[in-house]
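Structure, as structure tokens:
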Amino acid sequence: MLGFLKEPVVVNVEINMNIMVLSLMGLISRLWGLSYPRAVVFDEVYYGQFVSLYMKRIFFVDDSGPPFGHMLLALGGYLGGFDGNFLWNRIGAEYSMNVPVWSLRLLPALAGALCVPLAYQILVELQFSHCAALGAALLILLENSLITQSRFMLLESILIFFILLAVLSYLKFYNLQKHSSFSGSWWFWLLLTGVACSCAVGVKYMGLFTYILLLTIAGLHFWHVIGDQNLSNVSLMCHFLARGLALIVIPVAMYVSFFYVHLTLLYRSGPHDQIMTSAFQASLEGGLARITQGQPLEVAYGSQITLRNVLGKPMQCWLHSHTNTYPIRYENGRGSSHQQQVTCYPFKDVNNWWIVKDPGMQQLVVSNPPRPVRHGDIVQLVHGITTRYLNTHDVAAPVSPHSQEVSCYIDYNISMPAQNLWRVEIVNRESDTDVWKTILSEVRFVHVNTSAVLKASGFVGASLPEWGYRQLEVVGEKLSKGYHQSMVWNVEEHRYGKSLEQKEREVELHSPTRVDISKNLSFMAKFTELQWKILTLKNEDTEHKYSSSALDWITMDTNIAYWLHPTSTAQIHLLGNVVTWASANVAALIYMCLSLWYLIRRRRKIYDIPEDAWQLWVSAGGICVGGWAVNYLPFFGMEKTLFLYHYLPALTFQILLIPIVLQHIRDHLCRSVLLKSMFTALIVAWFSSVYFVYCAFSPVTYGEPSLSVTELKDLRWKDSWNILIRKQ
């Protein structure tokens, strides 16, 4: 029974020394002096704010992308014991002692370091020589721009890491497909592909381009699997379901889970929640929740309410009125009704309160039991402070003359009767008998007499002149002009009115509400709203000193000054290795020209290289050239401020192509031993120049040592580069 103890237990471990050495070199290059400079470097001023908000559990929205990358940066702060107390207001500001600089920069640096062995393994899995793979890894190792970007609290190195991990995982899965389908390793690498793709998209939406590329390649490979006559229909279906699970279902589930963690961590109200709906704001601790907690859920006749416009852009605003009237005549000579002004006001105010009245009754209080308002009911909206009725009629609006004026009706004893009946239409109703609910219901008010819809037209730039205090215009818009979110409103604050006298009612309107009914928004509702805000929220793009166009990136005609020492000439720039960038462009050009030449020759039944070499050439191009194209070309269609670092994922794929082209030329185009030897010597000389440029630009990559003015001028290899030189 214990016979197995007679023999020793032996564990054989294979260690790839190439990977170990490359990993160590990557770690040294990225982690050395990581806390220097102990000051805010470029976009750390941007991402640091989000890290602080995570530490304080305060909700925020970042329109640049999903939250996973921010959470990873926050994880670094958490591991370092950061309390979130630092004012991220200026590039170059010195970090206080409570900021764990090394910890905050650690995860991006580790990701950048691991890109070096990943590059090596990708070329090995593409069936290229270990020498070519080593060359690719060393080029990534010595690329100054990748080093700079990975040594600070930025997201590009993390994005590139997950992109390369996804590519490597898929290649390993594909190579295992040939001889060990559905094995443990096969499942591991397939699942890791989906996980890495989801993480890449979760860091930045730029990761979506590589995800789509891998899905396309996986689709083409599966098309070949379908043609395998040795596979049964059941086996084929299992292959399809496995790929669907790993490459679609799991990535989508993980992507949603990033938001779940994000929303779970950030449960407190903050400065960014104002752009969210009232329901979302009320789900956060503090802020609106303190005001709306425990309000009556169902709006009833006699309810006192504030109405918030759902669109919320360019700012949130509430339906508002005040005692001032529209001018008898506008500056352009048009006449008005001279009725009481109705506007959309971007601040909370007692004049935002309205009373929902039953047109058939005079009372302005809620009955016992309350009579709820339902979809399709006719109501009157009475302004709480002035007790005048919301009204619209066939009079042109002051700023938008194509629409109807909205006012609070004043009886001037002229032939202009009140038209103050409105039909409540619940836009997000589940049935035609739905009750109008506080916060949750999105409603339109359709004017009974004219069929115009109450709309905040100020969202398209229609602010009233000085006589309207520059508040946003509210109009009646014809339904025939289509649906727009500016026509939709929701009840934000709500109480059941109890005061019969106007003086008592005014006191009531000034007081807070407290009734014990809670409203919880589901996670999926919050996720859907937050995702939509991220995709549609557009900050005003402003010109930046270091912004650039996508055309500038290929030839590196631009740079970014990340940091300048306050007293010396020490500085850090995002600048690439000039030799590597030029070589990457040449390699891409050679690849495309050779591919076109081979295709034309193969069309004529002339085969210059063996079939296996051709398949290797095509598959490598699909990954490297395809990766470069999908991560670069989309920027030509983007309307956003662009910077040089946006090119780094595309550049990484282009760098991987260099040793592929070099090996191909040596193996298939250098026919003689002499040519091979000469070409090898050229490669050695070329690589020496790569190392020379890396060393030359290291002072502005790492920020030390400090260079003299003459040395800085010598580094300005292009007139378009902005090397900072202090005036003497």
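Each Cβ is built from the backbone N, Cα and C atoms, and glycine gets one as well.
Predicted automatically and left uncurated, TrEMBL annotations should be read as such.
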Listed range which TrEMBL flags as transmembrane segment, given the options 45-66, 67-88: 67-88
Which of 100-120, 154-174, 186-219 contacts the transmembrane segment (642-662) most, counting Cβ pairs under 8 Å: 154-174
Candidate ranges 15-33, 186-219, 240-261, 612-630 - greatest C-beta contact count to the transmembrane segment (100-120) (under 8 angstroms): 15-33
The transmembrane segment (154-174) versus listed stretches 240-261, 578-600, 612-630: most Cβ pairs under 8 Å: 612-630
Beyond the flanks of the transmembrane segment (612-630) by at least 6 residues, Cβ under 8 Å: 122, 126-128, 163, 167, 171, 209-210, 212-213, 217, 588, 591-592, 594-595, 598, 602, 649-654, 656-657, 660, 664, 667-668
Same-chain residues near the transmembrane segment (240-261), Cβ under 8 Å, at least 6 residues beyond its ends: 66-68, 71, 182, 187, 190-191, 193-195, 197-199, 201-202, 211, 214-215, 218, 222, 523, 527, 530-531
